[in-house]
Amino acid sequence: MSNRFAVILAAGKGTRMKSKLYKVLHPVCGKPMVQHVVDQVSQLGLQKLVTVVGHGAEMVQEQLGNVSEFALQAEQLGTAHAVDQAAGVLANEEGTTLVICGDTPLITAETMEALLQQHKEAGAMATVLTAYIEEPAGYGRIVRNENGHVEKIVEHKDANEKELAIKEINTGTYCFDNKALFASLSKVSNDNVQGEYYLPDVIEILKNEGHIVSAYQTEHFDETLGVNDRVALSQAEIIMKNRINRKNMVNGVTIIDPSNTYISADAIIGSDTVLHPGTIIEGNTVIGSDCEIGPHTVIRDSEIGDRTTIRQSTVHDSKLGTEVSVGPFAHIRPDSVIGDEVRVGNFVEIKKTVFGNRSKASHLSYIGDAQVGEDVNLGCGSITVNYDGKNKFKTVIGNGVFIGCNSNLVAPVTVEDGAYVAAGSTITENVPSKALSVARARQVNKEDYVDQLLNKKKS
């Protein structure tokens, strides 16, 4: 197999997005558009990948890191001009170069591989990825001769009436012989309505020089969708969401209502897990097998063990063990580690806490900046008082501790193994192992006080 290279065009300003965010960095199913493209082309066995950047170059470089080399297009003078900026990296290379736009997040490695194979089998100097659509307005048209061979590509604004009737369109993805590509770029003119240097003109240049120009028509037009505004962004989101949901269902995940379930492109979900409506799984989340998630649950960048149930709750940047029960209406905040067989019940908030195996906080509790041992029971209304208005402090609760209802643990404080804290206590000092700590005012009953009070009011 000859050397393979790729150029991703990501220099456009994206003015139609009307956004401060650089166009190709707008996310689709939680991942920037250009990252989707890079992830797919990286499966093609490339020797070099060059991303052409312009406006917002630093942000794109930060996103892609060392996966790609970069070339700067300081002025946006057209797609041919953009590709020519990669000459410093690729011009002297021999092989095949794939050119693709960074705003086509739905393209797949399979389609690009088919394009590369067509290019090789045809012995072509250039091969264009085309599609057939009923309403081709806005797209460049593929002009073929009487033998069906590609003659040229005409941009919509430059097309005559006959060419506008053509329904085979240019998707903006190409293969070129690398040396032929860079030799032809200097011959491209900007004598057109837009006054730009069009990459499709290279097709006509190579054809006129007697080279073979080929085309590969894809049946998957949705893969070629270019995102230029928020409407197209929403369309790409829907298509990608359906693709991700289908992949998970094929792999054994039950999704009760796919139209109302959102899974990020990088999430991994085990078989026999059930996702209820309103579930949103974001980032690099990993969910085990036999779990039940939702309804109306958000999980972001977290690891969820097997046989765990999360209902109507939010989990961010945390790790949950096996057979954990969360919710309804619980909030597990970042940097929390929840052990196995744990119960985090309704209206419980946990933040930056290690919560040991088989421990329970069943309702109405806040546990922050804490280390909770195994087999601990936190009664209703148990609170770790971790903040003094300036600094955060740690609470340590040992194994087998019982915390009574409506108790405050004022950090920094330690409740040692096996200790009990009486309901209604405010604990400000360490509690020794197996001690009972009572920190509340003694109850006083005033006999017949109510009758005396009522009689006093009548008089």
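Placed from the backbone N, Cα and C atoms, the Cβ positions cover glycine too.
Pulled from Swiss-Prot:
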{"type": "ACT_SITE", "residues": "His363", "note": "active site, proton acceptor"}
{"type": "BINDING", "residues": "9-12, Lys23, Gln73, 78-79, Gly140, Glu155, Asn170, Asn228, Arg333, Lys351, Tyr366, Asn377", "note": "UDP-N-acetyl-alpha-D-glucosamine binding site"}
{"type": "BINDING", "residues": "Asp103, Asn228", "note": "Mg(2+) binding site"}
{"type": "BINDING", "residues": "Asn386, Tyr387, Ala423, Arg440", "note": "acetyl-CoA binding site"}
{"type": "REGION", "residues": "1-230", "note": "region 'Pyrophosphorylase'"}
{"type": "REGION", "residues": "231-251", "note": "region 'Linker'"}
{"type": "REGION", "residues": "252-459", "note": "region 'N-acetyltransferase'"}
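Mapped onto this structure are the features recorded in Swiss-Prot.
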residue : record                                        : contacts (Cβ under 8 Å, 6+ apart)
Leu9    : UDP-N-acetyl-alpha-D-glucosamine binding site : Val52, Thr79, Ala82, Val83, Val99, Ile100, Cys101, Gly102
Lys23   : UDP-N-acetyl-alpha-D-glucosamine binding site : Gly12, Lys13, Gly14, Met17, Met33, Asp103, Val227, Asn228
Gly78   : UDP-N-acetyl-alpha-D-glucosamine binding site : Asn190, Gln194, Glu196, Tyr197, Tyr198, Leu199
Gly140  : UDP-N-acetyl-alpha-D-glucosamine binding site : Ile153, Val154, Glu155, His156, Ile169, Asn170, Pro200
His363  : active site, proton acceptor                  : Gly345, Asn346, Phe347, Val348, Cys380
Ala423  : acetyl-CoA binding site                       : Gly379, Gly404, Cys405, Asn406, Ser407
Arg440  : acetyl-CoA binding site                       : Ala422, Gly424, Ser425, Thr426
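Put simply, the two farthest-apart Cα atoms among Asn386, Tyr387, Ala423, Arg440, the recorded binders of acetyl-CoA, are 22 Å from each other. In the three-state DSSP classification, Asn228 (Mg(2+) binding site) falls within coil. Less than 8 angstroms from the CB of Arg333 (UDP-N-acetyl-alpha-D-glucosamine binding site) sit His316, Asp317, Ser318, Glu349, Ile350, Lys351, Lys352, Gly368, each of them six or more residues away in the same chain. In this structure, the C-alpha atom of Tyr366 (UDP-N-acetyl-alpha-D-glucosamine binding site) lies 10 angstrom from that of Asn386 (acetyl-CoA binding site). For Ala11 (UDP-N-acetyl-alpha-D-glucosamine binding site), the same-chain residues 6+ apart in sequence whose C-beta sits under 8 angstroms from its C-beta are Val52, Val53, Gly54, His55, Leu72, Gln73, Gln76, Ala82, Gln85. Counting other Cβ atoms within 10 Å of each Cβ, the lowest count among the binding-site residues Asn170, Asn228, Asn386 belongs to Asn228.
The predicted model assigns the region 'Linker' (231-251) a mean pLDDT of 98.
All protein chains shown were included, and the count of other CB atoms within 10 Å of the CB of Tyr387 (acetyl-CoA binding site) stands at 12.
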